[in-house]
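Colleague: Before anything else, here's the structure in question.
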Amino acid sequence: MNPLSPSTVPAHVAIIMDGNGRWANARGLPRAMGHRKGVEAVREAVKTASECGVSYLTLFAFSSENWSRPESEVSDLMGLLKTFIRRDLAVLHKQNVRIRIIGDRQNLSGDILPLLLEAEETTRNNTGITLVIAFNYGSRDEMARAMRLLAAEVAAGRLDPSAITPERIGASLDTAGIPDPDLVIRTSGEERLSNFLLWQAAYAELMFVPEFWPDFSRETFIAALSRYAMRERRFGGLQPAATLAVGS
Ligand code: FPP
């Protein structure tokens, strides 16, 4: 059941799932356990977002900078993502969830790319919530890849530089066709965007919550959506009362 008023629910919520390692450290557990618990929080977040009427949920699963972590941790994270897709794909498909992957697909080794493609392909006609998984994703890398594509079009004489508008750039990013996030949440108390959706989050509301990602429960998520409902978004304009004052 949706506990929120549908008109105030953000269409697109993006989450930086931070704090798995600290959650584990605080319990004297290996970091891998934090990531494992993090996958449970992922399942709950998808369910909650869907029930609350969120249309797009983007999760930052693995950044292009995460490769610099110790090999064993990278391998843990890859394993968890693969297991998640293998185990949960059928369930997500049944729940009418559509999966989109953003991030650089070049040079991915092993069986990860076929699994990501299978997840997208299997769910492509689903009409429920879209789960966008940011994998091997970095915003600057995404923008550089888009710029290279546009530059190649210009060089080939198929695109006039004057046609490079914000809309055209947006349509060249991995998130083409996905509306910009209305709300970006980061867990664990850290207050930065860490190269996540920098272009797309231009007007997003930012919310930093203290919970480590494995503790990000249905209640925490709903509390964040309720706080979002109180925010006033102006997109560079004036608040309605000020508009009235100026106009009158
Ligand atoms: C940040 O915690 C989290 C990550 C780098 C990865 C998030 C991945 C998952 C939750 C599992 C796989 C994802 C899906 C979609 C199934 P951290 O390790 O940086 O924590 P710390 O800052 O406390 O060290």
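From the backbone N, Cα and C atoms, a Cβ is placed for every residue, glycine too.
TrEMBL entries are annotated by machine, without manual review.
So TrEMBL has the following annotated:
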type	residues	note
BINDING	ASP18, GLU205	Mg(2+) binding site
ACT_SITE	ASP18	active site
BINDING	19-23, ARG31, HIS35, 63-65, TRP67, ARG69, ARG186, 192-194	substrate binding site
ACT_SITE	ASN66	active site, proton acceptor
Colleague: Please list the binding-site residues from GLY21, HIS35, TRP67, ARG186, GLU205 whose Cβ falls under 6 Å of any atom in ligand 1.
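Modeller: Result: GLY21, HIS35.
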Colleague: Quick one: Cα separation, HIS35 (substrate binding site) versus ASP18 (Mg(2+) binding site), in Å?
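Modeller: Taking the Cα atoms only, HIS35 (substrate binding site) lies 10 Å from ASP18 (Mg(2+) binding site).
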Colleague: Helix, strand or coil at ARG186 (substrate binding site), per DSSP?
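Modeller: DSSP call for ARG186 (substrate binding site): strand.
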Colleague: Using all protein chains in view, find how many other C-beta atoms are within 10 Å of the C-beta of LEU193 (substrate binding site).
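Modeller: Its Cβ shell of radius 10 Å holds 16 other Cβ atoms.
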Colleague: So among ASP18, ASN66, GLU205, all listed as recorded positions, which is physically nearest to ARG186 (substrate binding site)? Use the C-alpha atoms.
Modeller: ASP18
Colleague: Of GLY19, TRP23, ASN66, TRP67, which is closest to GLU205 (Mg(2+) binding site) if I measure between C-alpha atoms? They're all recorded positions.
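Modeller: Considering only the listed recorded positions, the nearest one is GLY19.
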Colleague: Return only the integer: C-alpha distance in Å from LEU193 (substrate binding site) to ASP18 (Mg(2+) binding site).
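Modeller: Just about 11 Å between their Cα atoms.
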Colleague: Check GLY21 (substrate binding site) against DSSP and tell me helix, strand or coil, would you?
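Modeller: Helix, per DSSP.
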Colleague: In sequence order, which same-chain residues at least six apart have a C-beta under 8 angstroms from TRP23 (substrate binding site)?
Modeller: GLY34, LYS37, GLY38, PHE212, TRP213, PRO214, ASP215
Colleague: How big is the gap, in Å, between the Cα of GLY19 (substrate binding site) and that of ASN66 (active site, proton acceptor), rounded to a whole number?
Modeller: 14
Colleague: Going by C-alpha positions, which of the recorded positions (SER64, ASN66, TRP67) is nearest ASP18 (Mg(2+) binding site)?
Modeller: ASN66
